[in-house]
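Reading through the structure tokens given below for one structure.
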Amino acid sequence: MCKNSRGGHVVKKNRKYIWTIPIIALIVILGILFIYKQSNIEEISYSNFLEEVEAGNVEDVILNGTAKMQLHLKDIENKIYITDNPRNPELKEFLLKKGISVEEANSATAGSIIQGVLMIILFLIVFRYVSKRLTSQTSGNLMGLNVKEVELQKAKRFSFADVAGNEEAKEEVQDIIDFLQKPEKYVRYGARMPRGIIFYGPPGTGKTLMAKAIAGEAGVPFFSVSGSDFVQMYVGVGASRVRELFEKARKEGKAVIFIDEIDTLGKKRSNGLAGGNDERDQTLNALLTEMSGFKDNEGIIVIAATNRLDILDEALLRPGRFDRHIEIGLPDVNGREYILRLHGKNKPLSDNINLGKLAKQTVYFSGAMLENLLNEAAIMAAKRNAKKIDWMDIDKAFYKVIAGSEKKDRSTILQIEREVTAYHEAGHALITKLIAPHNTVSKVTIIPSTKGAGGFSMNIPPDKMYHTKKEMEAQIMISLGGRIAEELIFGEENITTGASNDIEKATQIIRDYVTKYGMSKKIGLLNTEILLNNNSQGYLEEILISECRSHMERLYFEAKELIIESKFFLNAIAEALLAQETINEEELDAIMEGTFLPQSKDTQYVESSNSIKLKPVIETI
């Protein structure tokens, strides 16, 4: 089958070349004729023409009814002269009296006719060629993409061993694999294979890899397309692509069809007037029709992936279409360690690298982010020509992924800016240590990054399924710690824009605290996002903003009291940061215990006339 298919492609390619050769030849011939003709034509003025007539040098004249007339001069061969045609009826009689042959050509000459016909033929050929190219581009070479996926799957079969983490998802699809391998086992019980599966979850969690692993474990071909491949500007193209895809899969007997970004074509359909969504609706209808047309135990399973399950059309999610909805979530600490070990197999890791420790440090990292982390570490080790990837490379790669690369040139940073950053980050770190002892503060730095951060305090919470009211309030207070430290040290009038991202995070948490989780006594156990859809939207928004502001102010003053009570530690952390720019968790713990001596850096900074003397200011708190 494969040979015939490839042979068919060769025949099509040969046909294309057969058409290309005469087109090129025709263009060359017409070009030569045009150049030759243009080189033999010379235009002269009408006065020169009359002089040549009086001199008896004109052999013949062709009057063709156009603005120009042609003539040949005696003793000059293969040369055509043209001049203005006065269209005077007496001109012919005048020329005949001079013994000049006059020819009247009211229609085009045979040569002109042939040239015109050839130009029309050339235009039609070029138009046909361009139209076919545009048609092939708009309709898309869907089968070519899918064949590549099938060949890739045959060349390298993925298995669950290639998919780290998501053990629950693996268990949920085991019966699908068994069904594809042994359909008769389930037929005996009258069971039918699920029509489709939807994988949903954050980006980079391995939804595509999981689909490939299902096909690999079952030993069936794998067809992969993106939802955006079906949605085109021409109505009907997407629907035809859907039919072509399913037809190709049916030829394989058993297959896995994977549609990534299904939300591109599977969004909820509106009940409004028809408009720009006609093509998407037709494509979605074609997909639903194909899935409804599956025979029981046909051996084809459709797997779709999305980051937004909530926006999909209900017709897609009902039984008989996508029967199962499986979450592919962010890995837990064990899953992260497994993923790190999997991606670290082909990398020369040093013995001092503790992947278990790194797994605890990379909370909220997806599988793709973990792979990228190790890849960045490998690049850093290669750049310094190291024999192995060291923990230093891992550490730098981690903070590069999170905050960007360190700025090398820091000579233009004012001393006052360093002091503001130091106290800002010290405020975050201090609040974390005081109210969230289970959180890890792996690094505090005042080194600016290429992502625009002046510094950062890396606060890593533990892996948890639920978050308590107290923990949410603690996260808000930690976010506000930087602004509070700025206000206490430099005065309310000297607070900076450095807290903009902190305020954004705190606002998001307090919004969910009040509107989603029912943790505000005044609002009560209500999800106000549902209530905001009615006519009382403006009134509710005012109440919600007032309630959110009230809680934010309360937590701000609570955090402020904590920092005032612990002013010695705020000063100690800030001075350590000013001395050595970066401190790790062990050094931060030593500061809190009073046993840490900072190591001074040699980096030079620009002095400012507004620079603040630190200790006197601290003593005034």
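Glycine is treated like the rest: Cβ placed from N, Cα and C.
Where the annotation comes from TrEMBL, it is an automatic prediction and has not been curated.
Worth saying up front: this structure is predicted, and the values here are computed from it rather than measured.
Database features (TrEMBL):
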- Glu425: active site (ACT_SITE)
- Gly201, Pro202, Pro203, Gly204, Thr205, Gly206, Lys207, Thr208: ATP binding site (BINDING)
- His424, His428, Asp502: Zn(2+) binding site (BINDING)
- 193-332: domain 'AAA+ ATPase' (DOMAIN)
- 17-36: transmembrane segment (TRANSMEM)
- 107-130: transmembrane segment (TRANSMEM)
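Locations of recorded TrEMBL features on the structure.
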| residue | record | DSSP class |
| --- | --- | --- |
| Gly201 | ATP binding site | coil |
| Lys207 | ATP binding site | helix |
| His424 | Zn(2+) binding site | helix |
Nonlocal neighbours by CB distance (under 8 Å) for Gly201 (ATP binding site), same chain, sequence gap 6 or more: Lys207, Asn307, Glu327, Ile328, Gly329, Leu330
For the domain 'AAA+ ATPase' (193-332), the number of residues DSSP places in helix, strand and coil: 57 helix, 31 strand, 52 coil
Among His424, Glu425, His428, Asp502, which are recorded as recorded positions, the nearest neighbour of Gly206 (ATP binding site) by Cα: Asp502
Non-site residues, in chain order, whose CB comes within 8 A of the mean position of the CB atoms of His424, His428, Asp502 at Zn(2+): Glu425, Gly427, Ser457, Ser479, Leu480, Gly481, Gly482, Arg483, Ala485, Gly498, Ala499
Using Cα positions only, nearest of the recorded positions to Thr208 (ATP binding site) (His424, Glu425, His428, Asp502): Asp502
Pairwise CA distance, Pro202 (ATP binding site) versus His428 (Zn(2+) binding site), rounded so that it is a whole Å: 28
Candidates Pro203, Gly204, Thr205, Glu425 (recorded positions) - the one closest to Asp502 (Zn(2+) binding site) by CA: Glu425
Extra residues within 8 Å (Cβ to Cβ centroid of Gly201, Pro202, Pro203, Gly204, Thr205, Gly206, Lys207, Thr208), ATP: Phe199, Ala305, Asn307, Ile328, Ser366, Gly367, Ala368
Neighbourhood of Thr205 (ATP binding site), C-beta criterion under 8 angstroms, separation at least six: Asn166, Ile328, Gly329, Leu330, Pro331, Ser366, Gly367, Ala368
Cα distance (Å, whole number) from the residue listed as 'active site' to Gly204 (ATP binding site): 30
Integer average pLDDT (0 to 100) for the domain 'AAA+ ATPase' (193-332): 81
Most crowded position, judged by CB atoms within 10 A, among Pro203, Gly206 as binding-site residues: Gly206
